[in-house]
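Enquirer: Before we start, here is the structure in question, set down as structure tokens.
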Amino acid sequence: MANDYLFTSESVSEGHPDKVADQISDAILDAILEQDKYSRVAAETLCNTGLVVLAGEITTTANIDYIQIARDTIKRIGYDNTDYGIDYKGCAVLVAYDKQSPDIAQGVDRAHDDNLDQGAGDQGLMFGYACDETPELMPLPIYLSHRLVERQASLRRDGRLPWLRPDAKSQVTVRYVDGRPDSIDTVVLSTQHAPDIELPALREAVIEEIIKPTLPADLIKGDIKFLVNPTGRFVIGGPQGDCGLTGRKIIVDTYGGAAPHGGGAFSGKDPSKVDRSAAYAGRYVAKNIVAAGLASRALIQVSYAIGVAEPTSVMVNTFGTGRVSDAVITKLVREHFDLRPKGIIKMLDLLRPIYEKTAAYGHFGREEPEFSWEATDKALVLAEAAGVEPTARVA
């Protein structure tokens, strides 16, 4: 008897209030790294009706106009009208940054004879994941959820659906049979809109222009449930509808619930923070394991102690899909990937102003040129070391 189950993931658009906060935090991080790549940054953002609060800890030699960066980011997202609840021109922006604690800095900055022995910026555990459900080696539900809100933003920007506004949420439920995606069961899409669009016209346009062009044809079987703006009205949205905070969409940012999460958010954090850099490294490791043909699913856990460079643990789980044992793969990971914090920074070239682009539509599964953690350049080496044939997804 087939093992049949449903699995659901969600995403949110760049105009969702929590994503507005994430993008402001990462825009500030990028501006700082542009001038001083060794800065220590933990930039948190709160946004509400007509108000942005910037707080956190920053130690840098950079001279940054934080208020202007916040306004520019809000403008780029599309909040350029007071009717939307926040307007880049008129919103208040409060700045309250401190410097990084010297107690933390002494552990992070300390170096030994090996200059890669920079300590971790905090304790914690991080996960990376990859699977062969999509060419990008991502779980299908989160991948489709991202593409839906990405298309919503594209049609809003190009004016094809001029009544769209920046805030939107998507949710995709996929039916799995024997562990593989079989069909799409339900799609939910809620989009902010102008007050004069009638609900039937909105629903038809969203289904025909946003949802159907995004779904893979081979997974459209039978009657899919389309739930578009199921409350009936979504005029008030963005930071006016809900207070936005940095770091509140950590499952959207990663694997949509298909893999565990260590709990640490990404946006606004420089790469000395292993919450971010080690999660990126975990994705890099997992993706190369799957691309190498060592397994069709791979979950990586790494953990750290503050001020200590070497991970306190490295774990690999391939859920029974491995062509060699998990113990062998773990050994290969330790041999071929430097998972010390500074080793990760060097391996993935993370001291670059690349982070604002990560802050909407997923940190993983998008093969942008800046996203070094999406490369599969270690796959051939891993396959050769394990004695298996790599998959075709090696780049």
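Here the Cβ of each residue, glycine as well, is placed from N, Cα and C on the backbone.
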Enquirer: With Swiss-Prot as the source, identify the stretch among 100-110, 254-264, 364-374 annotated region 'Flexible loop'.
Expert: 100-110
Enquirer: Relative to the Cα of GLU44 (K(+) binding site), which of the binding-site residues HIS16, ARG233, LYS269 have a Cα no more than 10 Å away?
Expert: LYS269
Enquirer: Looking only at the region 'Flexible loop' (100-110), report the model's average pLDDT.
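Expert: Result for the region 'Flexible loop' (100-110): average pLDDT 59.
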Enquirer: Identify, in sequence order, the residues in the chain of ARG233 (ATP binding site) that are 6 or more apart from it along the sequence and have a CB within less than 8 Å of its CB; answer 'none' if there are none.
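Expert: Counting only residues 6 or more apart in sequence, the Cβ neighbours of ARG233 (ATP binding site) under 8 Å are LEU199.
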